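TrEMBL annotations:
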{"type": "DOMAIN", "residues": "19-88", "note": "domain 'Histone-binding protein RBBP4-like N-terminal'"}
{"type": "REPEAT", "residues": "173-208", "note": "repeat 'WD'"}
{"type": "REPEAT", "residues": "224-259", "note": "repeat 'WD'"}
{"type": "REPEAT", "residues": "270-305", "note": "repeat 'WD'"}
{"type": "REPEAT", "residues": "314-349", "note": "repeat 'WD'"}
{"type": "REPEAT", "residues": "371-405", "note": "repeat 'WD'"}
């Protein structure tokens, strides 16, 4: 066979991915209660549901909202985006519960206009991450490509942005030296925002108070150092108001107490993985349980009372794990996504269950579900807090999917 007849590895991969997607699409009616696929103009690195839910009179769907961002090519304007999503009500006709915006039929029947971007806010560079403030859903913080963290009150911005491309955050938060991804609002202290960046620092700001006219700059209230490299993620504890966790490229998981001086605030530090740790999430129901995801392709489960002993390892991913998150409605349900184009849903209550050899071939007993609808690296995902088992996920190929298992 001549050299020209051989397929390049990339081409082989692409063909395999396309084939996998075809099989997935054919099987969606048997696997899902709902699948909506929407092609964004640019890929989004971030996704989160806003809490608002409306049921228009006489319609068989609810309207809910997502926060998204853009990651454009060099000279194109970037945006923080708000999108409306139509989600069929539980008793809606099954035909309304699938397909995609292009009117393609994917076993579910076509669907029209399920996702609509309703607001674009000019942003300097791509939006690395965007998260809304739990005490005021109009307030959204973004991680930028610069050292600053931006805060926008979207109710004060027009739905269509100024044509000059000017970015006008309501607040600019100062304290970091470089960009990053970690971002977490306190569920207890209104306006308390944590951020981790590539400068190995964690910043805490208090952005409380009404946003005045004209731009404001807020300096960090506290800066925590201790990581030996990039801080990949930060998260507040869900039940202990003064505690937060952080993970980073130094492979460590650290717990902090904001009541202590920053140089004495680190309560505990363990080597959590054999490679960089990319994400962490505290269980919203059990105050002792947290999970981490890593470049070593695993998700780890920890008990805060004995961090040195990992409780369990979830090891079905074949590439780096980028994001993890707990179900807001089920204590034992944890999800993770990564570079292997898969979003895994785990059920902790099934750990150790007996399996037949056939079942074991499909994965460990705790692997509840695999979402295989993306054809490239999944950057972020979010559970819907209003509708059970509904997830939104975004990937590098511009695709946003909203699905219900």
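Any Cβ shown, glycine's included, is placed from N, Cα and C.
Note that the structure is predicted; figures quoted are calculated from it, not measured.
Residues 128-136, 139, 141-151, 217-225, 227-236, 238, 241, 244, 246, 248, 256, 258 of the same chain, all 6+ positions outside the repeat 'WD' (173-208), place their C-beta atoms under 8 angstroms from a C-beta of that stretch. Of the candidate ranges 224-259, 270-305, 314-349, 314-349 has the most C-beta pairs within less than 8 angstroms of the repeat 'WD' (371-405). Counting residues of the repeat 'WD' (173-208) by DSSP class, helix then strand then coil, yields 0 helix, 17 strand, 19 coil.
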